[in-house]
Amino acid sequence: MQAENVIKEKHAGDIEQLKFIFSDENRIIVTAPAGCGKTTAMVSKIARELSNGHILSNKKILAMTFSVNAAMKIKDSLKALLPELVENIQKYLAKVDVANYHNFAMRILFKHGYCLNGEFTHLSDFKIVDEDSPLLNTFITSADSDKLKKVNDAVKASNKEELIAALDDYWDILNRKLITNHVITYNGILISAIKLLRETQISSFYKQYYQMIIIDEFQDTNLLGYLLIKKLIGNNMIIFLGDDVQKIYGFLGAVNGIFNLIIETYPVIEIKFCNNYRFRENNRMKALDLFIRDCVENFQPSNLKASVLVKNLQSDHEEDDFIVKGIEKIVSTKEDKVAVLVRAGWQGNSVAQILDQKGILYFNALFKETDPEYISFYNIALEEFHNNVLGKAVQRNLKNCLLAVDARRNEIYQQESKKYIFESMYKLLEILFVESKKVSGTSRDKYDYIDFILGNKGLKHMMEFVDEQVVLTTIHAAKGLEWEYVIIPRLNGFAFPSSHMCRSCKEANSCNEGFDYCKFTYAQSLKKAFKEELSILYVGITRAKKNVFFTVNTGANKWNHSKTTSCLLNLEGLILEDYEWENAI
Ligand SMILES: Nc1ncnc2c1ncn2[C@@H]1O[C@H](COP(=O)(O)OP(=O)(O)OP(=O)(O)O)[C@@H](O)[C@H]1O
């Protein structure tokens, strides 16, 4: 009872949040714009179900998300809240499993995989690769390779019919030629788990074991993730959380309109949060938030109005200098943090160079997840973690692990220009080891925490804890994080939106181009691409607690034509205001 009162107090005044937390419905969809308390309410919901004894002693809660970072955030927040509600929080924390889709599928394969193929008993030795890995050529023919790629393409295009039609061939090749040789693909992990869950005995077990399943960031789920989740829906409580407007992984196959798919398939209640806490006292940001959402949701010129701060400069160089001046001004406040968030990593490199020249400290996370240095850092870190960290002396062994990774830095980068990837990742690894000390429980719990983050490429989660006041990263990597100020550069056509969208837009004639601006005309064929670009912009904007600043340059490009201002800024109803750092910070 006391726990319920604490939760009620915490959410007092927010009817929708309270309705969700205290609902006993079995199927709930919660949609919420950024900053409306989705994560906060989800953690309270889990805490409520745990503390009132709804979750039986032999049952658990599964908190699942698309990214490992989002999954970790749930557990971290739960750890902070539970002590206010109950004693012996260990007992309660142990009842919550967090996972991303791959991680969860791996757990199922470790447990039951032998039912599909005996080689799954050696799963910890398996190499996990993509469909285009050269390693596969050792085991499969090029015709096989095409069949595997068909599934990957269908997942990325979110094409259910093509996926279903290609699945049997995929499984056959995976089973006979890859699993046998201790190799599996990322898609293969999900496909194998789905296959196992087709066994009624296994799926019934999980449907009962997980008395409550919460799926966060549901808008980013791809078809295989969706098929996996469907196999876990029984009489248990299932909660889908997310925000369609924050769907930024369309290129990985995030299913369009996935919340509607659930509404059409299952009886559910839908709760929408609408109190924006992040921008509660910031009318400009609140209006901008509503405006962009309106354009994404309705895909037509908005009747709303909003204003943004946009600095128009004449060259990349001028633009970079201007950004660095802003960074210097913000850093001089000593308290506030600022992130330069780019649409694509390379767009931040020239700002990084000036910061280097000026000796301004910053954290550089401009690398891509596909950078070979990024991938090999994880491989080596995981290998050295397993080599060095054994037994009970986890903390002492972590130091040895760091030394061992450092000793292999030359294996990770060959070019001086890629050295920063090692240095940034190494810093995140150090932070992970420090954070792991705060993980309550046994040495084994700390070990599993680190193993989970490294195994799931989740070091970016640690970006939240870096000391530097300045962070350079991509909008995709910034999801779920926040800073006082955000600067978004290069609001030019062919930069943001991406050149991919701009090319299609030109071909479809959906772009009214002036000599230095682009205006989008809402052609239906561009709907998916345009909505995704605006969603990326939305995620970037909503990372700012105080203010967001845009820069653009309409100087000459290399063919001596004026560059265009992005169509994302030339939206009907959006007022562009010039600014100077002196008055804006
Ligand atoms: N009921 C509430 N009363 C007061 N503050 C709240 C409430 N709910 C959430 N907040 C605060 O609002 C801010 C945003 O909340 P939260 O991070 O849960 O939102 P979110 O919807 O998950 O955001 P995002 O999607 O951007 O990650 C946090 O600082 C949180 O403490």
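In case you wondered, yes, glycine gets a Cβ from its N, Cα and C as well.
Quick look at what TrEMBL annotates:
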| type | residues | note |
| --- | --- | --- |
| BINDING | Ala32, Pro33, Ala34, Gly35, Cys36, Gly37, Lys38, Thr39 | ATP binding site |
| DOMAIN | 11-280 | domain 'UvrD-like helicase ATP-binding' |
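Feature map: TrEMBL annotations on the structure.
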residue: Ala32; record: ATP binding site; CB count, 10 Å: 24
residue: Pro33; record: ATP binding site; CB count, 10 Å: 22
residue: Ala34; record: ATP binding site; CB count, 10 Å: 21
residue: Gly35; record: ATP binding site; CB count, 10 Å: 21
residue: Cys36; record: ATP binding site; CB count, 10 Å: 24
residue: Gly37; record: ATP binding site; CB count, 10 Å: 21
residue: Lys38; record: ATP binding site; CB count, 10 Å: 22
residue: Thr39; record: ATP binding site; CB count, 10 Å: 18
* binding-site residues close to ligand 1 - of Ala32, Pro33, Ala34, only those whose C-beta is under 6 Å away -> Ala32, Ala34
* Structure fact -> DSSP output for Cys36 (ATP binding site) maps to coil
* Structure fact -> Same-chain shell around ATP excluding Ala32, Pro33, Ala34, Gly35, Cys36, Gly37, Lys38, Thr39, C-beta within 8 angstroms of the CB centroid, reads Asp243, Phe273, Asn276, Tyr277, Arg278
* Asked: the domain 'UvrD-like helicase ATP-binding' (11-280): mean pLDDT?
  -> 93
